Structures are given as C-alpha cells and as structure tokens.
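Taken verbatim from TrEMBL:
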type	residues	note
TRANSMEM	12-33	transmembrane segment
TRANSMEM	39-62	transmembrane segment
TRANSMEM	144-163	transmembrane segment
TRANSMEM	175-195	transmembrane segment
TRANSMEM	207-227	transmembrane segment
TRANSMEM	239-264	transmembrane segment
TRANSMEM	271-292	transmembrane segment
TRANSMEM	298-315	transmembrane segment
REGION	323-358	region 'Disordered'
COMPBIAS	324-334	compositional bias 'Polar residues'
Amino acid sequence: GTASAAHRRLKYISLAVLVVQNASLILSIRYARTLPGDRFFATTAVVMAEVLKGLTCLLLLFAQKRGNVKHLALFLHEAVLVRYVDTLKLAVPSLIYTLQNNLQYVAISNLPAATFQVTYQLKILTTALFSVLMLNRSLSRLQWASLLLLFTGVAIVQAQQAGGGGPRPLDQNPGAGLVAVVASCLSSGFAGVYFEKILKGSSGSVWLRNLQLGLFGTALGLVGLWWAEGTAVARRGFFFGYTPAVWGVVLNQAFGGLLVAVVVKYADNILKGFATSLSIVLSTVASIRLFGFHVDPLFALGAGLVIGAVYLYSLPRGAAKATASASPSGPCTHQQPPGQPPPPKLSSHRGDLSTEPFLPKLLTKVKGS
C-alpha cells in the first residue's frame, strides 16, 4: 500500500544520500588538496568539522527540548557530567576517529580518489576481524570468501598503483598514502566495533552521543593540530588557505556523517553494500573527468573484485545460502565511516558495522560509507 511505497521511496533516497556522500567527500578532499596555491592545514579542517558537528547536535537537542534552555542545561549536566563514566567511554572512539580523519587527508592527498575509494574498503575486512575477536561474532563461509576476494581486489589495485598507473604529480607519495589508508582502516574497524560494544546497554540519543564525540573530537583535534602543525598555524593563521572548496569539504565532513546517521535507519545491509559499490564507480568516473585518472585493465579487475566482494559480504545469510539454518540478517548500521552513526540498538546487528559512527566517514563515515 501507501506505507510500503513510502518506505521504498525512503530506501531509494537513503541509497542516493549514501552514494553521493561517500563519493563527494573523497572527491572534494582530493580536489581541495590538489588545487594549485596555498594548501590549507588538514588538522584545522578536522577541528572545524568537529566543532560544526557538535554545534549542530547541540541545536538538535535544543529543538528536542522545545527551546527550553533550562531543560537543555539540566539534561546536558546529567548526561555529560553526572554520568561522566559514560562520557569518558567515548574518549577512545573519539581519539580514533580524530586520528582517522587526519589519516584520510594524508591518504587522499597521496592517492588518486578512485584508488583510495577501492583500498578504503579494507575497513570491511578489519571490522569483520575485530567483530569476530571482540564480539565473538561468527561469519558465514560466503563472508570469509568475500573478504578474501576483497583483499585480492585491493592488492591488485595497489599493484597497479605501484607499477605506474599513469602519470603522477611529483609531490605525491603512494607509499605514504597506502600506509595511511591501512592505518585508517584498522582504526575504523576497531572504533566501529568498540563503539558497538560500549553502546550495548547504554541509553542516550544519537545526537547526544554525537555531541559527546564532538566535544572530545574538538579537544583531541586541537591537541593534534598543536603537535603536528602548531608553529605553522600560529604563523599563518587557523584559516590559512581556506577557499570555498575547503569549506565545502568541512561542511561535507560535518553534516555528511550526521545525514548518514539519519538515513542509515532505512538502509539494510544489501542497500549499504550497493551504495558502496555505486560510489566506487562514481568516484572512478568522476576521477577520469576531473583529475585525468587512467583506468587500465588491472585497476578495472581489482575494482570489480572489490565491488563484487562488498555485495557478497552484505548479503543476508538466508539469501546467501538458502540451506543454511542461520538467521537472516536484519538492518545494520553502516562509516564510517571515516567513518566509516549507529543508532543505539545494535545488539541484533550483524555484518558491516563500519559505518564510522560519527564520520562519514568516509566513509559512512560512516562517519564515515
């Protein structure tokens, strides 16, 4: 009836949002980082995204309290300060997400957008491994096979990259880019699973969790900024090199993750897998047009394997193996994240948790696809 038609429409809208957010964040970072002229400080962009995310969540909570400042103040005092143990638990994922956001800039500055997008799918592998180790989750044989396929596809794309893969700008170091992606995938996998672990049995809205993460993220981001680029930022200014393109990246990183948090409720595993695959295709096509990216047979083979692996991994067990007695998978929360935000009720979820809870992460994530 009308309800099912509306639900189907929501599913397609959420698919479009996930695809556009996933591809546009990576392409916009790549564009902003490779423009001629003054280069902005990536650490300042990470801090700005956290500040905007935190302020947005504060406004949403304010609206939830119907604009009553006193109610909001009492609520925040109770949720953030009185239950300080709950708040402190979020320091670990927040630290990891801040690190991951910075690593994403390093990776995208040194790798073509399409290569990054394919390689970043390793976060599915790391999330799966961490969920097996930390949550005692079991994977079907098809999922293990798809993870192997995923790894093979990424290895082929990286071999193509190392073997030349077209002309390369002088200031780019694919080795550093690869190390940054792998580190980002490891942190994304751990943070997503750790986040699910601490969310079990704890109440709190998605916006409150985002606000708490934003508070830690801003503080930790400032520490990272001071440590990595403190003197340069002090000399040239916080907003040095900011152009409309850079602001676009910051806004995408801040609001993209929150948008994914909203639509992910309407996206099941298959839809998220499909969104990831489509965003790889979109990134590749856009890279050819925008950055003169050259697709050779090796890249096409590797990307094809990754797209196939993502789709196979996201199949519910019932559909993947009709004879298996395993229960079919329910909706799950993608991003990351870079994300790579899951709604609190995660306990029954299985499969790709790498939503990057509060990033788009790139994402997802996740925060963040």
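Just so it is clear, glycine is given a Cβ too, placed from its N, Cα and C backbone atoms.
Note that the coordinates shown come from a computational prediction; the quantities given were computed from them, not determined experimentally.
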Do the transmembrane segment (144-163) and the transmembrane segment (271-292) share at least 3 Cβ pairs closer than 8 Å, excluding pairs fewer than 6 residues apart in sequence? no
Any contact between the transmembrane segment (239-264) and the transmembrane segment (298-315), i.e. 3 or more CB pairs below 8 Å with pairs at least 6 residues apart? no
Which sequence-distant residues neighbour the transmembrane segment (39-62)? Criterion: at least 6 residues beyond either end, Cβ under 8 Å. 32-33, 69, 72, 75-76, 98, 101-102, 105-106, 109, 205, 207-208, 210-211, 213-215, 217-218, 221-222, 224-225, 228-229, 232-233, 238-243, 246, 249-251, 253-255, 257-258, 358
Six or more residues out from either end of the transmembrane segment (298-315), which same-chain residues have a Cβ under 8 Å from its Cβ atoms? 114-115, 118, 121, 124, 128, 142-143, 145-147, 149-150, 152-160, 163, 165, 269-270, 272-274, 276-277, 280-281, 284, 351-352
If we call contact 3 or more Cβ pairs under 8 Å (sequence gap 6 or more), are the transmembrane segment (271-292) and the transmembrane segment (12-33) touching? yes
Same chain only, please: residues at least 6 beyond the ends of the transmembrane segment (207-227) with a C-beta under 8 Å from a C-beta of the stretch. Say none if there are none. 41, 43-44, 46-47, 50-51, 53-55, 57-58, 60-61, 64, 79-80, 87, 90-91, 93-95, 97-99, 101-102, 199, 233, 258, 261, 341, 344, 357-358
Residue list, the transmembrane segment (12-33) vs rest of chain: Cβ under 8 Å, 6 or more residues beyond ends. 39-40, 42, 104-105, 108-109, 112-113, 116-117, 120, 243, 245-246, 248-249, 252-253, 256, 259-260, 263-264, 266-267, 271-272, 274-276, 278-279, 282-283, 286-287, 290-291, 334-335, 360-364, 368-369
